[in-house]
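K.L.:
Dropping the structure in here first, questions after.
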């Protein structure tokens, strides 16, 4: 293949880079393969709908294979099948709270009923009365309502008491309990540090009472992210130091407020607390102590990292300045993640609907309990695996399209000497080039990520299934393999992004672009460490700033609630949303910095500033590199070594 051929490598070393000049289609076989794969995904969707799965999914069916709300045909050798359920439109489970999370099934008999019980039914007499008044029989079809109170008849064929109040799920005709206590054990499994139901209820009530504050803080994080993007565009030279100071103040402020609240709570007289509230007060004090210690540890670690990186922080200023100019000329880049997210949501909605259709597709089969399940037999049973691979590959393909679009727009900006000659819409021009020439390259790059991601997910599933059963050696090996595959996936993702940039520059196929990008990154190893990594770290500080600011605002707004234990869920929700919003905005800035760095490295490798070989880069960036090289030479021997790495690699003539 071209990825590893020595002849190809020799041609690459002699090949001239001609940015944006020659454009040709790349990796056409991979585009054809991807199109065929998508046709297969469409076949799975059509098959699942055409085989009647849509009616079983939407209307629901009972444990005997009868679809609710219609007349059914008799199934061979299956009792209670072939019933007329025209007036029984809802699925009712005799024990709706008995869920099997491992096998993703409801371990309960399902019946078609005329109405869901809107009030709790505590006795069999209540169940009988409900059937007589509403005409909705909640026991098995073989038992008459008059026989509900007979223990010998109703045992195992009537709902588990008490029957929780339920309501039909919109559009899906299933009776679902309206009381969340039915699912309390699953919430407790997620919140493992809580063993007292009263604490769990206080946490949930804290979220409900603070929903307006949570919504306001989420909007605040969105506004702060947009403000930070504006600051990055217009004051990039001082942005690094502003971020550093604000992060220090934000982390110190949040930590100080938590310790102040802890001291205030500890000094409060316990005699004034009624005995019933004493345990709650102790929980509050313990929660505040945990919050304060966690914030202190985070602040100390953050300070140590900033102390180590302080000498190299200045290296990012010039690169941030150029990136700010990119957003001035290409402001719509900020909204690129929203279009990508919208495309992902549409695909995921399609994928989930098809998955639900597949779950009710196939022939009726009687299981060990005598109930009906729908299973696909023969080669079609492997459609599940095909569908899962499609989820990963197409999702990675959509993300790769975003990377190629951003790379194409930034490359156009960088290699256009006169910025007044930029296309009217560089982003749309980049999308046009992607669709016309480079969809095959994107398909190949996303497939490589899929090849690494699938084994890692399989190992993670095996590890979760064997939890508590495997020995220490096997557990260590599994975790090591998962960790190695995760690292490989991250490295390949970074290489893929740079390969897309190389393709956007010179219109080469994926293998050639990946090889060229890898060689350039290796030749500029210290540049990658000193500029690219530090830039990413400063963007991370921007995310931390938004999270800390939003969290601090949340602490001040939630301070009126003296039950500090209930802070945990609202603060976690707000901080997670703030981080996701900040990541959504700043990830594009990070991507622009990465693309600019590769363009800069290629520019310095193939141009020397002489007539006919002028640099494309911004003068500010080149002046910064030269000044840094001189400063490092004056610093001594070690600095001279770094300077040799930082100076432009002039091409020998």
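Glycine is treated like the rest: Cβ placed from N, Cα and C.
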K.L.:
Swiss-Prot tags one of 315-335, 420-440, 441-461 as transmembrane segment - which one?
P.N.:
315-335
K.L.:
Using Swiss-Prot as the source, do residue 25 and residue 474 end up on the same side of the membrane?
P.N.:
no
K.L.:
Among 516-536, 537-557, 600-620, find the range that Swiss-Prot records as transmembrane segment.
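P.N.:
From Swiss-Prot, the annotated transmembrane segment range turns out to be 537-557.
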K.L.:
Below 8 Å between Cβ atoms, which of the listed ranges 212-232, 338-358, 537-557, 566-586 makes the most pairs with the transmembrane segment (380-400)?
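P.N.:
Most Cβ pairs under 8 Å with the transmembrane segment (380-400) come from 338-358.
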K.L.:
Among 212-232, 288-308, 338-358, 537-557, which stretch has the most Cβ pairs under 8 Å to the transmembrane segment (238-258)?
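P.N.:
Going through each listed stretch, the top one turns out to be 537-557.
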K.L.:
So which of 30-50, 338-358, 537-557 has the most C-beta pairs under 8 Å when paired with the transmembrane segment (212-232)?
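P.N.:
Going through each listed stretch, the top one turns out to be 537-557.
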K.L.:
Where does the mean pLDDT land for the topological domain 'Cytoplasmic' (558-565)?
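P.N.:
Average per-residue pLDDT within the topological domain 'Cytoplasmic' (558-565): 57.
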K.L.:
Sequence-remote contacts (6 or more beyond its ends) of the topological domain 'Cytoplasmic' (359-379), Cβ cut-off under 8 Å?
P.N.:
47-48, 51-53, 56-57, 61, 63-65, 75, 77-79, 81, 109
K.L.:
Using DSSP, how many residues in the topological domain 'Cytoplasmic' (359-379) fall into helix, strand and coil?
P.N.:
3 helix, 8 strand, 10 coil
